[in-house]
Amino acid sequence: MADEEMDGAERMDVSPEPPLAPQRPASWWDQQVDFYTAFLHHLAQLVPEIYFAEMDPDLEKQEESVQMSILTPLEWYLFGEDPDICLEKLKHSGAFQLCGKVFKSGETTYSCRDCAIDPTCVLCMDCFQSSVHKNHRYKMHTSTGGGFCDCGDTEAWKTGPFCVDHEPGRAGTTKESLHCPLNEEVIAQARRIFPSVIKYIVEMTIWEEEKELPPELQIREKNERYYCVLFNDEHHSYDHVIYSLQRALDCELAEAQLHTTAIDKEGRRAVKAGVYATCQEAKEDIKSHSENVSQHPLHVEVLHSVVMAHQKFALRLGSWMNKIMSYSSDFRQIFCQACLVEEPGSENPCLISRLMLWDAKLYKGARKILHELIFSSFFMEMEYKKLFAMEFVKYYKQLQKEYISDDHERSISITALSVQMLTVPTLARHLIEEQNVISVITETLLEVLPEYLDRNNKFNFQGYSQDKLGRVYAVICDLKYILISKPVIWTERLRAQFLEGFRSFLKILTCMQGMEEIRRQVGQHIEVDPDWEAAIAIQMQLKNILLMFQEWCACDEDLLLVAYKECHKAVMRCSTNFMSSTKTVVQLCGHSLETKSYKVSEDLVSIHLPLSRTLAGLHVRLSRLGAISRLHEFVPFDGFQVEVLVEYPLRCLVLVAQVVAEMWRRNGLSLISQVFYYQDVKCREEMYDKDIIMLQIGASIMDPNKFLLLVLQRYELTDAFNKTISTKDQDLIKQYNTLIEEMLQVLIYIVGERYVPGVGNVTREEVIMREITHLLCIEPMPHSAIARNLPENENNETGLENVINKVATFKKPGVSGHGVYELKDESLKDFNMYFYHYSKTQHSKAEHMQKKRRKQENKDEALPPPPPPEFCPAFSKVVNLLSCDVMMYILRTIFERAVDMESNLWTEGMLQMAFHILALGLLEEKQQLQKAPEEEVAFDFYHKASRLGSSAMNAQNIQMLLEKLKGIPQLESQKDMITWILQMFDTVKRLREKSCLVVATTSGLECVKSEEITHDKEKAERKRKAEAARLHRQKIMAQMSALQKNFIETHKLMYDNTSEVTGKEDSIMEEESTSAVSEASRIALGPKRGPAVTEKEVLTCILCQEEQEVKLENNAMVLSACVQKSTALTQHRGKPVDHLGETLDPLFMDPDLAHGTYTGSCGHVMHAVCWQKYFEAVQLSSQQRIHVDLFDLESGEYLCPLCKSLCNTVIPIIPLQPQKINSENAEALAQLLTLARWIQTVLARISGYNIKHAKGEAPAVPVLFNQGMGDSTFEFHSILSFGVQSSVKYSNSIKEMVILFATTIYRIGLKVPPDELDPRVPMMTWSTCAFTIQAIENLLGDEGKPLFGALQNRQHNGLKALMQFAVAQRTTCPQVLIHKHLARLLSVILPNLQSENTPGLLSVDLFHVLVGAVLAFPSLYWDDTVDLQPSPLSSSYNHLYLFHLITMAHMLQILLTTDTDLSSGPPLAEGEEDSEEARCASAFFVEVSQHTDGLAGCGAPGWYLWLSLRNGITPYLRCAALLFHYLLGVAPPEELFANSAEGEFSALCSYLSLPTNLFLLFQEYWDTIRPLLQRWCGDPALLKSLKQKSAVVRYPRKRNSLIELPEDYSCLLNQASHFRCPRSADDERKHPVLCLFCGAILCSQNICCQEIVNGEEVGACVFHALHCGAGVCIFLKIRECRVVLVEGKARGCAYPAPYLDEYGETDPGLKRGNPLHLSRERYRKLHLVWQQHCIIEEIARSQETNQMLFGFNWQLL
């Protein structure tokens, strides 16, 4: 039959080319009897051809061929007509109720704390956004991959199971259309096709043969093409695999990386093709090379090309099945049926089970497809989900064992699907009842851990494998899942099966009971710390499971009693050693106890007692249910053996006490760590707390005296309480004292800790409230810190939110820090100093805080215990411990020793505890007396405490001893507490003595009242004393104040004449800017320039602490500084740099300020010599350091010695040279030196230089005016006639520092090697001056601060030093070079100056031109023979005319670029419309329009032009004011210290010698300026710019800010979920990162998006930062809610994100998962970090505080 079919198959034309019509194969298949065989023959012909090129496949062509040749024909065969039409019909037939989206790693999931049945119930982004849960208390988390959206699952949600999209009755769907049944023909076809397709997928996926295929798939002409296939494993790192491939295949790095990335993503990859021998050789080479770098060789196989082809297609067919099943429930059901059918006559299980069992052997890519198949079929149909779960449980043990042996992540293992089944309540019940799943899981645990069992059948995890044990936790997790929701209805079968599972679980606990026993090390310290982490980790994993088992048991009284019996039996079986050992007798004060001879300090002891603790938990639940009375029916009294039950927990507590007493210090850190976790919040519920409960159980059942004797014996303190003890050994005394303190503390806990439902009459809410109260008594805490200190239940809930507002109030956070909760005053009364969850540190802190608070409130410092709640009936006898003989003996002994001056067997802490016990006893008796008549109260603490200790003559009772203690000076701090106790004795005495006729409660109230009266009297007395002290202090202060005033009046003259020079450096602006300078002289430019008030400047070096006056002739002093590239002001973010550093001409700055060079300083001063020594020392120490360098020493980086800011240079501090102008000369010169004359003089000078340096060439002398003037006017030396003086001389030290700083600016600004002779060095100096001023002005404007009134100290000092450095820097350069630069700068405003590459007026930033021209201008006075500079008067005119010319040019710039759309411009103010300024603006603009051929337009009204001009020019004027102030030292007007926009403009104009109506400038200089205006407007470059309006920069430039972020963080996550990597089409986890500068989303930390920069690989973020922020950038990691600051290629740091939860806290990594909202204040702070150029500083500071040996590789971010 097979042969005949083969012939038939061959007769059909199945060429590899796509068939003309997909119906052909479909109709041919229809004629075959056996579809499976025919289908396989079809695939045998086509698949090897389609998937032939495995090494370098054309994926698009492959997909097209598969679709046309195989999948479309299959769809035709399935539907019998055009599949596109059928699928479209099915698509619109109605919404399916289950979402079923499978999460990929990194996707955000949402859970609702209000509605989810458990935390594993999650929603995908889309369902969440359209669900009711959006407005609930939701949580956000990042999926590890493999989960499943539970939208539509009614068992997952208490309310709101459907989102809008999956709602059954939503608009557009009817009940009928929700399930649109397929017609019978399609169903019949599906039943025929699906089994064959599934069988093929399964067979090919689990195919083991490397060289052969099943007979049906074999073809006659077999090729000899093989592949060497490398598989992924978790033993080898990326680099290991790349190294092995490079060596074995002799390939390039890029090819090896490509292979490695594919292997990591898909799980396998063909790395070599060829004949079998070649591939085999490659396989051996790869294995041997991989063994060189790791113990495990890489997994490599040689596969035939046809096998590879079919395996690849099988997965493609799986994806197709996923698609088809998404259209119809019928398809899913048919698929599930086919998967579950077992082949008749075969031993193999059903197909889905075969896939499950093969899962661990499959590679990653295959697993993903197959898991998706399961998700889209079985998990979408509840009935089949149940059947799948049964198959899963059937093979559970085998699957888990294989997973534990596997090395792949849990998320891609079939075992990870357990959460989808075991957490469904009905399914969990079914699996417990039908398959005893609890027993299956617990037995699996025992079967996978046998290697860790010792000869006593106890676990011992010494030398454990962390990876393997981590995988075992998955099994423990499944136990948690199955128990996560308690049954509401108990059937007999469920009860029986649960008990069976519980017994099985007890076997695990039996192996843990007493595991890893230790013995105290004596004499010699332990050599190697034993492993302890594994045992504690398993304890943590089991914590909630233990609680859940107890809760399940407590659901049913009979079940609880049976479970108690089973647990009791298990404890007794583990305690056989104890019962059979030798006994000893303990005697004290007439009582004796026979107990086992055992010492914790000598014998073996274990901290692990889960059986005993489980029994304690069950006992509490019995008490809570009131079922203790029935306990004897299940556990007879004689068999209860309470001494045995108490023994092991007591040993544990004794061990803790002895560790505190340092008796176990030779046992190393291992034991200390175990003790820490024993009491830590992560473990204490099922360790420490349960041990206390077990002792309370013992105390409630045993005779109190015997119980205390047992405690004394185990604490090894019976000798310490014998009267005869006498020792001089101080260490032993200290040890005894510590042990007594620890024992007393445990006794306090046994008697006083009743806040456990079932132990005391309390609710769960009261327990949590008490925990919170005691945490907040330590200090106010943020929400997360409180939550961290509270135990979580199985749903990760603490119950905190439900009660926190009852006990505390929330205090909102500021710009930094977080919000905190503060305890309400009314909750302070519940403070218990000996709260059993306090650590030693917390106890001390809480006690200190509460005493301090009481002192501030003028209250006594006594901290008695609050009245405890009543014990439950089962525990009511515990209070008898307080009044028993042994307790009285212990207390009396402690007090007697304290009174005895010679005794040292007591401490103050011990006394405090004894007082606390006394207080508890008296409170207990008081409460009982208040509730019942005296004769009914059996508790008799008062009389026992009042009784004499013995019949001796000097015998004393406790009250008498307290009176004596009150008088001991050393116990002054305890005096208030003693007083409180003595008063309480009186209160109880009065209650006892009241007549029986009076109702007890009444007498109790009277007692309380009298007690309150006493307290009130004391309080009033204390208040009176405090008031008297306050008045006394006030009187003294008044006297001192009077004396002070008198002294000042007497020495008034001295105060008036003293100038405050000393505080100069601390002030923000110089003091001369106020009253010392008249308002008229506050002008910086022109002949009316005010004086520069300079004072002697004496600075202190932060390194040597020596003072030095700043003088030109002295050695240099320097400011630490940082020069950096900046894009903070750019108007064109991400603008590419046209030229590299070598070719860039920095003389002219583009008006968009795309890239600037910023110089900032922290303001700290050093001697230049001291700094050089410091820098050399830093270099030396850096060479000796082993950890990563924090800064780049080659680039001159260092940390400021004082503030640790990152610096890379120093600015020399040069004093300002005072320049005084003679007013008479000024007036004379004003008549002579007009603007026209000044321009001619300047042009003549420049022309003269050109003639001088042109070497014989005839230069063109620029002519500005038509009329000729005499030659004498143009004389070369005429500029000198207006006033000169000799140049300033600087010391060599200052010159050196000037050259050093200038070279640094050049090197960093242009990113070139240092070259102090480069002609661009002065250009970069001017550029950084201009840009720094612009950046500071922009920052002040952005913050709405005044120009001079809000400068930070470091900004002020930095600008002052920078400007004076720039003046000096010119003198270190050849003046000929400066001339050339000046000529080029002036050519912008004087177009007739012939110069190369002069930019158009709209293509240059004129403030940069102004700074360069002002600083370079003195070079015109230089001559070969004599070194001159302009006189103050000459300078004043030079500055004035330069500034006026450039200002007029800038006005033209602004008006030409003004947006004529009035709606977007400034609003019209009252009176502006017909103002003089408006008329001038209109007239001037008409003139400009004529010169620009009408391109400028003239549609805008005058008032609009004037307002646009004023707004546009203000930043320029502000920058100019800063420039001239720091250049000349002239005090600015008062208005510039205040915050007034109107006053500011007129003050700026006044200071800069401008008319407030700026158009008057043009009128004043009209004859001179008109030809210039014509040339400016007629410039072809300008006219071209005007035609392209959109490309023009408008003024004022927009202030940059960080991008707008959404208020709700989930919107950002939604945005990230749609992010697709631009270079990768796969669904692998990506790390979307948002650039906060420009809003680009990048693919971070992925090889796919790495770039090569200067031969080095850099990540997408670093590459983006180089273009977007000149190497500096701020990113937000969206899926982690982390802000990252990046600088350069190798530096970065984390920074608090601006998103906060409702408690004012950030949530990096979304660990807590609370809803997050944008904090505008935090975001503003981040914006300021950027605009203040502090990003580099933040990074350096962060790296300095978080130094690591191996840091994060920022380069690949």
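For all residues, glycine too, the Cβ spot is worked out from N, Cα and C.
Residues or ranges marked as Zn(2+) 2 binding site by Swiss-Prot: C99, C112, C115, C124, C127, H133, H136, C149. Positions annotated as Zn(2+) 1 binding site by Swiss-Prot, on the basis of similarity to another entry: C99, C124, C127, C149, C151, C163. Summarising the annotation, Swiss-Prot assigns N-acetylalanine to A2 and lists similarity to another entry as the type of evidence. Annotated zinc finger per Swiss-Prot: 97-168, 1101-1204, in sequence order.
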C151 (Zn(2+) 1 binding site) and C99 (Zn(2+) 2 binding site), Cα-Cα, nearest whole angstrom
5
By a three-class reduction of DSSP, C151 (Zn(2+) 1 binding site) is assigned coil
How does the zinc finger (1101-1204) divide up by DSSP, counting helix, then strand, then coil residues?
20 helix, 27 strand, 57 coil
What mean pLDDT does the predicted model reach across the zinc finger (97-168)?
86
If you tally other C-beta atoms within 10 angstroms for each of the binding-site residues C115, C124, the top scorer is C124
Kindly assign H133 (Zn(2+) 2 binding site) to one of the three DSSP-derived states: helix, strand or coil.
helix
Which one is it: of the binding-site residues C112, C127, which Cβ has the fewest other Cβ atoms within 10 Å in this structure?
C127
Cα-to-Cα gap, C149 (Zn(2+) 2 binding site) vs C163 (Zn(2+) 1 binding site), nearest whole Å
11
With the fewest other Cβ atoms within 10 Å, the residue among the binding-site residues H133, H136 is H136
Across all the protein chains here, work out how many other Cβ atoms are within 10 Å of the Cβ of C99 (Zn(2+) 2 binding site).
21
Taking the Cα of C151 (Zn(2+) 1 binding site) as the centre, which of the binding-site residues listed as C112, C124, C127, H136 lie within 10 Å of it?
C124, C127
Expressed in Å to no decimal places, the gap between the Cα atoms of C124 (Zn(2+) 2 binding site) and C163 (Zn(2+) 1 binding site) is 10
Please list, in sequence order, the residues in the chain of C163 (Zn(2+) 1 binding site) that are at least six apart in sequence and whose C-beta is under 8 Å away from its C-beta.
C99, L123, D126, C127, F128, S130, S131, C151
Suppose the Zn(2+) 1 site is C99, C124, C127, C149, C151, C163. Which further residues of the same chain have a Cβ inside 8 angstroms of that site's Cβ centroid?
K101, L123, D126, F128, S131, D150, G152, D165, H166
With every protein chain in view, how many other Cβ atoms are within 10 Å of the Cβ of C149 (Zn(2+) 2 binding site)?
27
